[in-house]
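Lifted from TrEMBL, the feature list:
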DOMAIN    139-208  domain 'PAS'
DOMAIN    289-422  domain 'GGDEF'
DOMAIN    431-684  domain 'EAL'
Amino acid sequence: MGSTDSLNHILINAIQHLPIGIFWKDIHGQYLGCNKHCLSLFDLPSEQFIIGKTDAQLQPALKEKQLPNKALLQTDQEALIHGRSVIAKTMHMETIYGQGQFEITKIPLHSHTGKIIGLLGIAVDVSSKFRSEQKLQEKTALLNSIFDALPDFVIYKDMQGRIVECNRAALKLAKKKKTDVIGKTVTQILPESTAKVSIDYDSQLKSNYKSANYKMEFELAGRQVYVDVHKHPVIQNNQLVGTVSISRDIKERRNTLEKIATLTKHDQLTQQLNRATFLQELENINQQHSWGMILIDIKKLGKLNSQYGTEVGDKVLIYVGGMIKEMAPNAAHLARIQGDRFAILTDQVSSPAQLNYLCNKLIDRLNRKIAIQGQVIDLAICIGATNYPDTIQDTNKLLTCSEQALLRSRKNIEQNYTLFDPILEAHAEAEKRLIDDLKQAINDKSIDLYYQPIIDANSKSVLGVEALARWHHPEQGLIMPVKFIDLAEKNNLIGQLGEMVLEKACQQLAQWRAQDIDIFMAVNLSPIQFNDPQLISKIKHDIEYYDIPAHRLEIEVTESALMESNQTAENMLAELIELGVRLSIDDFGTGYCSLSYLKNMPAHKLKIDKSFVDELEQDKTTTAITRSVISLARELNITVTAEGVEEESQMQWLQAQQCDQFQGYLFSRPLPSDKFCQWYKTHHTTDNNITYQQPVKTMLSLQVL
């Protein structure tokens, strides 16, 4: 065999074993041969079978399998006529493996004289590549759809700061078309100062490859925006190729939070400081100055409300608040610290003579008949005042001493105002005896617990109870919690009282669980108890000793306590939550904490105070705030309990706002343990078909521990 024959043999053998389809034809389109892979691919019996046949002649033998379409056959003619290779890309063909995509190359064959004598076809299966490209296109289309649907403003910039891509929200914000921004820099779109901030953060990101977050406010397209910006590096092959900015307009959210924060620091009716804010300012006053405090009570405001309605009563409060503001010294701290009580704290009126003058002036202006909504109101006030340091030597006693003076004025019909006199402290003797009795009651554990049901708003099932302390004094009878709890807090007894209440509550919960009463127990903690470093261990001990699930114990902390809490208290609350105990913010709305605090304190529940529930659909501001609080809590996944629900109309309004739980006289008063068991079993056996009770309007609402 000659060298030429040997080489031909090697080439033919190589072609036969190549993993791609190879065939060759003459200039008339008749097959001259093909390799084994081509036969296998199209399920042809042998090479001899195709020799001399055209594609049309092979069609009957291939049955339903399709040979190359007209476009592919056209490439035969192009290769033969023009004498150059022609590639038919991604041709759809049927093979033994099913539908496939092929890239077929047609190469003209020449004789030794250069004449075209046929063509060589090479069929490469690119199905896998085609499918990958198709999936990539689908994925890209999906991502583009998501990208454009995002409500946030997304902008991608290259290393030169030119905008490469942005989504629909960003274009809408700028009120521009995409063609107007692509290729531009932020300096061409944003205000100069804003663009500089963006460029500075881009520079930092390019140097440290770290994401950045910042907020900025600017005007764009006639609109004031306040955005929260997150910048991230875009890295390819370990190289920074650009930056992506994701921004969200939080102006409305900020305005809402600022409005709520302002509302929470002020009395909503008179716009003066509320009690919590006033006490905070009192705590921070400069003790190097002289100070005077005046408390003003509106006499018989409750009677005015009953006689003329709360709308008239509110007008009276607004009138009195306005007069006080008009007559008080400039820069005085003015507050409405109780329903019918106002306070003035000033360092410009501090001597007894100055206080006497201002008190007389207030009485002269406010003790008179006024006309409100066609009604003639016989307005009367009483005043208690004190000063520092002439009369008292401790600023912490300004409020309590003023209250003692006010109490004297309230009791003395003929005396409109009283300046505190140390002699008044003699009246504290009775209080001292009461403190001793309270100590004994705590030691004897003779303070009882009553339990008020907490109801599911939808099913009306009993979810839990709040444990309320009741002191039946052997001589004085029932003493209101507001009185003995205040005594306990002021006389370092609140820790012992709180421990006793917690232990009794856990013990009772364990007994109920043994009776198949599976509910949670809510127990109040005083802010003073957080000064006890052993508080958490004591709570843990009671949970373990009485073998109750931690999540069935709910600790209630007042809103004002949260606002005044220090880092130690916050750490304790975090430990409680880690223990499994649920945290509830009590009397929400009265302490007026910043709602932003809820983001940082993972509370499970907040309880809307009865004072808000009482004014639903009567006071627009109260109603709006209550609606906002429920909505915000729902967004933060915080359960909401409405306290003091006494009317079916209140319940229906709260249900419409998707309030989660109810507590109040409409369902049940606080009950001793045995009566609660009877109440629970009665309602439990009747599928919680609770009979609503009509509230007794003359009864006082008890404040609880």
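Quick reminder: no glycine exception, Cβ is built from N, Cα and C everywhere.
TrEMBL annotations: computationally assigned, not manually curated.
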Item checked: Three-state composition of the domain 'PAS' (139-208), taking helix and strand from DSSP -> 42 helix, 12 strand, 16 coil
Checklist line | Residues of the domain 'GGDEF' (289-422) by DSSP state, where helix covers H, G and I | finding: 59 helix, 39 strand, 36 coil
Margin query: Limited to the domain 'EAL' (431-684), I'd like the whole-number average of pLDDT.
Written below: 89
